[in-house]
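Encoded as structure tokens, here's the structure I'll be asking about.
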């Protein structure tokens, strides 16, 4: 691996070591103590950088309850995105989605569907997200996948694809079931994916109420009414086995945080603890994007190609979360996986690592990727590059 770590070498190699912002007097990074959280498990994650700011028992497998509906919403959102279903499609409600006829649904949150009802996908989707309707989950699952079992297969397939390694779904709605579990960390990752992958689906999560069949029901996420935070989602979950769960997301300026609280003892506690986490995160941290998605971080020599240089960057991974007030002390260097870059190169190909440092300490690493395709050059050009590369290896940068 070829590493560019000093300022002088970096300038010779094409700005390999960069002051991302104007340097200031050294300010020692202060350790920010996380708040105590009254719950079985919890986590606070930055959306853009993926940085975990605080956590407690974040990998303990617990019952997600209606947080399961975040995945239900994700699957529906993906089906809409792929045009497999449309919001205007009319769904015929089956007997399995009838709370009166399905013992598993009695006493749970429902949309009050009846067998034979014709309900649009749009209304059922709002019934899942806003009203937490277990009957709506069943009706949508039957329509999207043909059965609840097939839909659960889709849920677990997406869980695997998203890297939710400690999550298994057994129901489409989240009512207690043997073998159904998730973790605070996995739920934060799922929430992040919902926002990023299906933003139109996520937008429904901020709606405060929904009326169906003349029955108005409020969104169960009371943080949507918070005067202290700009919360725009996501989902509550409550069962006897799970306790009181909440995934919440809020924004402040360009920064978005995701909090997860699992197994709180009361409804009030889950909201208070979530608000505490989000407020703490915004108070002590900030997220910056020193390398924009389409921006070039460094230009590097490439051999045997149809061009002599290639632009390298971070793609969508250029955001970092740092303690507030430390922005001007942020620097970055890069390391190439191989000593030389040789064509062909494909856009998005990983060729090294970007290392972000704060006050001389490495804090985050990101893939260094190719920003444009580089095809192989012609025969004579490749022969010439071979000769020049050998001279470069023998005599240094005079022949580059």
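Cβ atoms here come from the backbone N, Cα and C positions, even for glycine.
Look at Swiss-Prot and you will find 66 tagged as active site, acyl-ester intermediate, backed by similarity to another entry. Per Swiss-Prot, the feature active site, proton acceptor maps to 69. According to Swiss-Prot, the active site annotation covers 132, on the basis of similarity to another entry. For 235, the entry in Swiss-Prot reads substrate binding site. For 383-400, the entry in Swiss-Prot reads region 'Required for inner membrane binding'. Taken from Swiss-Prot, the feature signal peptide covers 1-27, and the record attributes it to experimental evidence.
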List the Cα distance (Å, whole number) between residue 235 (substrate binding site) and the residue listed as 'active site, acyl-ester intermediate'.
7
How many whole Å apart are the CA atoms of the residue listed as 'active site, acyl-ester intermediate' and the residue listed as 'active site'?
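Cα-Cα, rounded: 7 Å.
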What is the number of other Cβ atoms found within 10 Å of the Cβ of residue 66 (active site, acyl-ester intermediate)?
25
To the nearest whole angstrom, state the Cα distance for the pair residue 132 (active site) and residue 69 (active site, proton acceptor).
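Cα-Cα distance, residue 132 (active site) to residue 69 (active site, proton acceptor): 8 Å.
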Provide the number of Cβ atoms within 10 Å of the Cβ of residue 132 (active site), excluding the reference atom itself.
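Cβ-Cβ neighbours of residue 132 (active site) within 10 Å number 26.
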Among all protein chains shown, how many Cβ atoms are found within 10 Å of the Cβ of residue 235 (substrate binding site), not counting that one?
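For residue 235 (substrate binding site), the count of other Cβ atoms within 10 Å is 30.
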Would you mind checking how many other C-beta atoms are within 10 angstroms of the C-beta on residue 69 (active site, proton acceptor)?
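There are 26 such Cβ atoms around residue 69 (active site, proton acceptor).
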